[in-house]
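To start, the structure under review is shown below, and the notes come after it.
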Amino acid sequence: MGKTVVIKCGGSVLDELSPAFFASVRTMREQGMDVVIVHGGGPEIGQMLKKLAVPSEFVNGLRKTTKEVLAVVEMVLSGKVNKQLVAMLRQNGLPAVGVSGVDGGLLEAEPIDFAKLGYVGRVKTVRSRLLRTLLEAGYIPVVSPLGIDQNGQTYNINADTAAGAVAAAIGASQLAFVTNVPGILRDGALVAEATAETIERLIEDGVITGGMIPKVKAALSALSDALPEVMIVSGKTTFYQNGTWHGTTIRKEVGVYL
């Protein structure tokens, strides 16, 4: 296999994915890259919990997951959102196969803090053989962020951290977080590059706010010697063309504050 790119699509951006997004994915494949997509589904989960009158709360930014909440999370992520995204990819000429982190024990999980969060898990191990098998057969694996432990208990996993774990396990050359903006913006202009140091300053200065904060923190935590840079890109426009990425590049090394 050649280079592998992991793309993380947040639940809030799935309805806004444009033809340009799918064209970017097609370009990658035409250039010999393998693509794995990990998706979220927070807004859809919230709507379904409300519709079914299942009580839910957030603790430190994570959805406390009772057995009742977990049943809805599984239904929405694997039964609805995953299949919708697979259908969208196929409509755009991209051969996709939807899997859950439970399938084949792909994402082995353990509870983060059962007393506080219930069935919210962290990825303990990624069994990447299933992904490699699908990639070698020419498919784009589309992964819903559910995990399973050795006793067969399923867990709700944060999609950003799941994407980072998958990228590390398969030796991805790039990890891209897809949002509804072109990247980190300052006064409406794109911040082309950022490091941990510059990101902390941008947060302090109120440049990075709201939902972008957990995105950039997840991007920073995904950085390693094997994955020295991560992208934040838009799902509304072309983010990869002619071998060039369009968005904010987040790197490990110290850079200049922009």
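Glycine too: its Cβ is placed from the backbone N, Cα and C atoms.
What Swiss-Prot records for Gly41, Gly42, Arg63, Asn156 is substrate binding site. Gly41 (substrate binding site) has a Cβ environment of 26 other Cβ atoms inside 10 Å.
The site 'Transition state stabilizer' annotation in Swiss-Prot covers Lys8 (among others). On its own chain, Lys8 (site 'Transition state stabilizer') has Ile37, Val38, His39, Gly40, Ala159, Asp160, Ala163, Leu175, Ala176, Phe177, Val178 as residues at least 6 apart in sequence with a Cβ closer than 8 Å to its own Cβ.
Cβ environment of Lys215 (site 'Transition state stabilizer'): Gly10, Asp160, Phe177, Thr179, Ile232 lie under 8 Å away, each six or more residues apart in the same chain. Here Swiss-Prot flags Lys215 (among others) as site 'Transition state stabilizer'.
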Compute all pairwise C-alpha distances among Gly41, Gly42, Arg63, Asn156, the residues listed as binding substrate, and give the largest one in whole angstrom. 12
Residues other than Gly41, Gly42, Arg63, Asn156 within 8 Å, Cβ to Cβ centroid, of the substrate site? Gly11, Gly40, Ile45, Gly46, Val73, Val76, Leu77, Asn158, Ala159
